[in-house]
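Okay, so here's the structure we're looking at.
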2 protein chains.
Amino acid sequence: MKELKDYIKLHGKVANSSTLKVDSFINHQIDPKLMMAIGEEFKKRFQDKNINKVLTIEASGIAIGLATAFAFNVPLVFAKKKKPSTMNDMYNATVYSFTKKESYNVCVSKEFLNENDKVLVVDDFLAMGNALVGLKEILNEAGAEFVGAGIVIEKGFQEGGKFLRENGIHLESLAIIDSLENNTIKFKD
Amino acid sequence: MKELKDYIKLHGKVANSSTLKVDSFINHQIDPKLMMAIGEEFKKRFQDKNINKVLTIEASGIAIGLATAFAFNVPLVFAKKKKPSTMNDMYNATVYSFTKKESYNVCVSKEFLNENDKVLVVDDFLAMGNALVGLKEILNEAGAEFVGAGIVIEKGFQEGGKFLRENGIHLESLAIIDSLENNTIKFKD
């Protein structure tokens, strides 16, 4: 997605050889026009798939999820990291974060996912793919169909994308970073 | 906002006399059309205020914030509850949650708020008003102007709204709940 890559070139900051900061337009400050355009782009890429729900994880997935769900005109569900006191019956998965070096639980109320759902999963970053695998577990538990995954920025130098594609997942990444070495952002192709 | 009140009547669930569950359309599953309409409604109510930024708190404020920021065509900033490892220089405030009976820290990078900003703060619920007071502290620290607050659902039977209005804050709540007694949702007016 050219507009996104232009943003990344202009506003992205290389923190180190594995960390790209996009907090001025994606995950702390958000550019709403770019975000809605990202939703439209996912719509284009998955439009013939009869998606009836979008799933993501709080917190940084929510804006992407809303933009995408609005483009498809279907509900967004976001998985929670803490079980709300008012939630009883839910699907759970454990996700290990390599960035934070800790595991966390994600949960979705059973009210909002079932075997009739054809679900597009979206998230801001794809690195090792653990968050996606966690959400896939939740979809399996619900009997829902994991139609595909829409990722804003894939770290092409980490294993997640390769692993997921080899496992037959329809993965669409709007920008794939090949390398952050020497303080330089290199895109794939 | 009539559309919102109709949603609440139809899909809201009274968990107890102080807790209204709206997780089927606002804070777990989200109806994107309603959410974008909420953003448009805040635009109408604050349109002559020269707002140049929208501020909220993760996680359940983000969707409301994105919809509002898109309507105003200005950036959204969401305060984080955990300091990201890549964030150094930031504004902080402590917020006490009566629901969870615990305090948490919220922070915003100094990059994204300054003395030139005229800020609209938005959130899903207003109860005791502690989250808004925390965000007001952050705006004060930044020297930014707290133009007003847009709330989706105000619990009119708790103290936050009264306290904030008495302190001169321009507060717009799209639905004000007068009572949840006897398992019945009563709106103000």
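Cβ atoms here come from the backbone N, Cα and C positions, even for glycine.
The feature xanthine binding site is assigned by TrEMBL to A:LEU20, A:ASN27, A:LYS155. Cβ neighbour count for A:LYS155 (xanthine binding site) (all protein chains, 10 Å cutoff from its Cβ): 22.
Taking Cβ-Cβ distances under 8 Å and a sequence gap of 6 or more within the same chain, the neighbours of A:GLY129 (5-phospho-alpha-D-ribose 1-diphosphate binding site) are A:GLU159, A:GLY160, A:GLY161, A:PHE163, A:LEU164. Per TrEMBL, the feature 5-phospho-alpha-D-ribose 1-diphosphate binding site maps to A:ALA127, A:MET128, A:GLY129, A:ASN130, A:ALA131.
What TrEMBL lists as domain 'Phosphoribosyltransferase' is A:32-156.
Under 8 Å from some Cβ of the transmembrane segment (A:54-78) lie the Cβ atoms of residues 26-27, 30, 35-40, 42-43, 95, 106, 108, 112-113, 119-124, 131, 134-135, 138-139, 150, 152, all in the same chain and six or more residues away from its ends. As annotated by TrEMBL, transmembrane segment applies to A:54-78.
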Quiz item: How many whole Å apart are the CA atoms of A:LYS155 (xanthine binding site) and A:ASN130 (5-phospho-alpha-D-ribose 1-diphosphate binding site)?
Solution: 13
Quiz prompt | Densest Cβ neighbourhood among A:ALA127, A:MET128 (binding-site residues), 10 Å radius | solution = A:ALA127
Quiz prompt | Candidate with sparsest Cβ neighbourhood (10 Å radius) among A:ASN27, A:ASN130, the listed binding-site residues | solution = A:ASN130
Quiz item: Between A:ASN27 (xanthine binding site) and A:ALA127 (5-phospho-alpha-D-ribose 1-diphosphate binding site), how far is it from one CA atom to the other, in Å?
Solution: 16
Practice problem: Using the structure shown, find which entry in A:LEU20, A:ALA131 (the binding-site residues) has the sparsest Cβ neighbourhood within 10 Å. | Solution: A:LEU20
Quiz item: Over the domain 'Phosphoribosyltransferase' (A:32-156), what does the predicted model average in pLDDT?
Solution: 95
Self-check item: A:LEU20 (xanthine binding site) and A:MET128 (5-phospho-alpha-D-ribose 1-diphosphate binding site), distance between Cα atoms, whole Å
Solution: 15
